[in-house]
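K.L.:
Here's a structure for you.
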Amino acid sequence: MFDEIRPTRVEVNLDSIVHNFREIKRVVGDRVKVMGVVKANAYGHGAYHVAKALVENGVDYLAVATVEEALELRSYGITAPVLILGYTPLSQAGEAVEKDVTFTAFDLKYVKELGEIASRKGKKAKIHVKIDTGMGRIGYTDFDLAEREIEEMSKLEGIELEGIFSHFATSDEKDKDYAREQFERFADMLKRLEKRGVNITLKHIANSGAITDLNYAYLDMVRPGITLYGSYPSNDVNKILDLRPAMNFKTKIVYIKEVPENTSISYGRTFITKRPSKIATLPIGYADGLNRLLSNNHEVLVRGKYVPIVGRVCMDQTMIDVTEVEGVEVGDEVVIFGEQEGKRITADDIAKKLRTIPHEVYCGISRRVPRIYIYRGEVFDVKNYLKI
């Protein structure tokens, strides 16, 4: 299927993402809104397609990392509220104001200038104020300053103070003491603002780890990221969601050769055959997202059998040992992660080998890998980023 695109491709099952979203809604309840995090091209899954599916199924808000990501969604006709989680330079704010994008704010001078930009356009800039309760990134750490400046922000022309938020550093770890401290700091900030008569509609701090483990932190809205895509943030959280991985990473065998014992494979001769072997070449490498650290350190699926990567992963090609695979042929499907004949390899499995997190595995799949989208049980689109 889809012979007109590269043998190396990703299949994204949007039905799985919708299922995961509904699982999150089931856990947090109808009172709590959901902000679907689609930054970094929806963790490599495709921001537009994921956002569209989430909006069609009732997500309340979307979140991205940069102004460019927000404007990309607007260019595709996504009209749902979109929060830029990171800093937006004022030099880039004008179009975002026009397109009703929501800004993260943590400085009064910045917000005043943003309000002036919005007023000149006859608009109000919507902001969510960021409080750093212990992550160590952007956001107010001086709470006395924060409450004074936020009160002033709430009175500015050209500004709509819609939200306030923070981010957990350790919600996915076994020890929840630090996460609890962070929440208490955030709750203290909210009380201070209430005393000043500052009413803020959306208060949010719960990421994926907090959704599973810290139900007291749900507040008005939760911000699932990795759980939308079918992975837990760590092995230490409660597995209360029926998650379905949404991505399959696949390629095909393009060449098979039989080699004798003592044949070296790939750069550096890190693998030398110990027997007469069948070695298959795959048109996939670290430039596609198959990490070089998986050299001699990962198995893929061919005809329902686990077979090893042999030798170093190259930039564009990789070799596997298919000696034990009966009837193997050029053109056979190879699963890097995903399912085949009832067997599964997950992004989480790969992340463990790389001593990282599944987020990085998903995000590492490059733009030269086409995405095939499945929605409502059917293939409905193919995205080839390199097609002109």
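Positions of Cβ are set from backbone N, Cα and C atoms, glycine also.
Not my notes, these are from Swiss-Prot:
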- LYS39: active site, proton acceptor (ACT_SITE)
- TYR267: active site, proton acceptor (ACT_SITE)
- ARG137, MET315: substrate binding site (BINDING)
- LYS39: N6-(pyridoxal phosphate)lysine (MOD_RES)
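I'd like to know what surrounds each of these features in this structure.
P.N.:
Under the three-state DSSP scheme, LYS39 (active site, proton acceptor) falls in the helix class. Under a cutoff of 8 A between CB atoms, and with a sequence separation of 6+ in the same chain, the neighbours of LYS39 (active site, proton acceptor) are ALA47, ALA63, VAL64, ALA65, THR66, GLU69, LEU85, GLY225.
Other C-beta atoms found within 10 angstroms of the C-beta of TYR267 (active site, proton acceptor) number 12, with every protein chain shown included. DSSP gives TYR267 (active site, proton acceptor) a helix state.
The secondary structure of MET315 (substrate binding site), as reduced to three states from DSSP, is coil rather than helix or strand.
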K.L.:
By a simple count, how many Cβ atoms lie within 10 Å of the Cβ of ARG137 (substrate binding site), its own Cβ left out?
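P.N.:
Looking across every protein chain shown, the total is 11.
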K.L.:
List the same-chain residues at least 6 positions away in sequence whose Cβ sits under 8 Å from the Cβ of MET315 (substrate binding site), in sequence order, or say none.
P.N.:
GLY285, TYR286, ALA287
